[in-house]
Amino acid sequence: MASTSQPLRGKRACKKIFWAVFPHACFILSLVIYAFLGAFMFSHIEGNRKVNSSEEYRKFLQNLWYISRNLSDNMTENEEMFKQKIHKLLSEAERDWFVNPKEKWTFFGSLFFCCTVFTTVGYGNTYPVTRTGKYLCMLYALCGIPLMFLVLTDMGDILATVLSKSYNEFRKLQSKILASKLCSGSTCNKEVELKRRAQSKVVISEPLTIMEVLRSQPGVKRKPIKYHNAEIFEMLIARENEHTKLTRNKSIERWSSCPELARGKTMSRVIENFDKIGKQLEKLDVPIVLMVLVIFVYISCAAAILPHWETRLDFQEAFYFCFITLTTIGFGDTQLEHPKFFLFFSLYIIIGMEIVFIAFKLGQDRLIGLYKKVISFCGEKKMPSKKIYPK
């Protein structure tokens, strides 16, 4: 029986772990599938569009040819006039005239565009030109942005749990170190009291029989015959426990014999996991200074790695680019030469946005608390003092 029960326990534990991880994996997998579908869609629509030479483009080429033809060999005399004409001509030019859609809207380029859409970064260097692409971009953003925020909230709970537990463990370790410094061996009375409390907790936590509890009382030691009926009472409780064990085994057999009930039970657990999304993030209580330090270290690590494939960026430019990306500002002033390499860094973007999101949530809570204190302080100042009049 023991050999058969161990595999059953292992299977049950695996099922519990699977259904606990299922909601988180479902969100991430749906976001990945959504990004790939958008990449296929935009690469087909925008990459295969026909490039028609417009009238403005023809005028641009004619003016450029005219300026280059009238340019004399002695360029120093007409340098200022030449600069003004070229500046005016280039300011009227459009960037789409010089870009090949098939080279720009590859699968990786379209995937990079989809990531900038549902993360609300929007660099501006890649955008749809066709009318169909613009309409589909609006629909894609309406569905993708809520999905991205749901993933951020879900994974934010995991990060919040990890941060809170690590911070609490750090505080416990810090308190132990301070207690060891303040106390000196056996002369510390506080340490002795803590040991006594721990021993008392261990004794309380251990399951005791009724006779042991009664015998531990001083009145029972004096009068053991008076409490002889407690043994009968203990036997009755033992029989009741055996009866409850039998009923539990019968209920387990019913669950195993009826798979519909087992499915309903597992589905209710999965629904409970979905309902718990966002609860851990609300309970997070970590100093905002620690979160700012985590963000700084996180961005600095990426800023040290990014210049290895983006040779035009140094550490400062890469730090600026990562900050603008993770805060979803996305000016677009810093462009990437190899966006497909940065796509493999997409997990970094999602986790970084979650860390920034947690920092913004903590800052919001602190700001609300500050407003409450200011309003209560101002209310106490403006409240008129009660005057006591003689009767």
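Cβ atoms are placed via backbone N, Cα and C, with glycine included.
Feature annotations, courtesy of TrEMBL:
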- 21-42: transmembrane segment (TRANSMEM)
- 101-159: domain 'Potassium channel' (DOMAIN)
- 105-123: transmembrane segment (TRANSMEM)
- 135-153: transmembrane segment (TRANSMEM)
- 286-306: transmembrane segment (TRANSMEM)
- 294-364: domain 'Potassium channel' (DOMAIN)
- 318-336: transmembrane segment (TRANSMEM)
- 342-363: transmembrane segment (TRANSMEM)
Touch test for the transmembrane segment (105-123) and the transmembrane segment (342-363), at least 3 Cβ pairs under 8 Å:
yes
Segment-segment contact (the transmembrane segment (286-306); the transmembrane segment (342-363)) at 3 or more Cβ pairs under 8 Å:
yes
Under 8 angstroms, Cβ to Cβ: which one of 21-42, 318-336, 342-363 has the largest number of such pairs with the transmembrane segment (135-153)?
21-42
Given a Cβ distance threshold of under 8 angstroms, which distant residues of the chain, six or more beyond its ends, lie next to the transmembrane segment (318-336)?
116, 119-125, 295, 299-300, 302-304, 306-307, 310, 342, 349, 352-353, 355-356
Please indicate, using numbers and ranges, the residues of the same chain that are 6 or more beyond the transmembrane segment (342-363) and have a C-beta under 8 Å from a C-beta there.
108, 111-112, 115, 119, 151-152, 155-156, 159-160, 163, 281, 284, 286, 288, 291-292, 294-295, 298-299, 302, 306, 310, 322, 325-328, 336
Would you kindly list the residues that approach the transmembrane segment (21-42) from elsewhere in its chain, counting only those six or more residues past its ends and only Cβ-Cβ distances under 8 Å?
105, 107-108, 110-111, 113-115, 117-118, 128, 133, 136-137, 140, 143-144, 147-148, 150-151, 154-155, 158, 270, 273-274, 277
Three-state composition of the domain 'Potassium channel' (101-159), taking helix and strand from DSSP:
45 helix, 0 strand, 14 coil
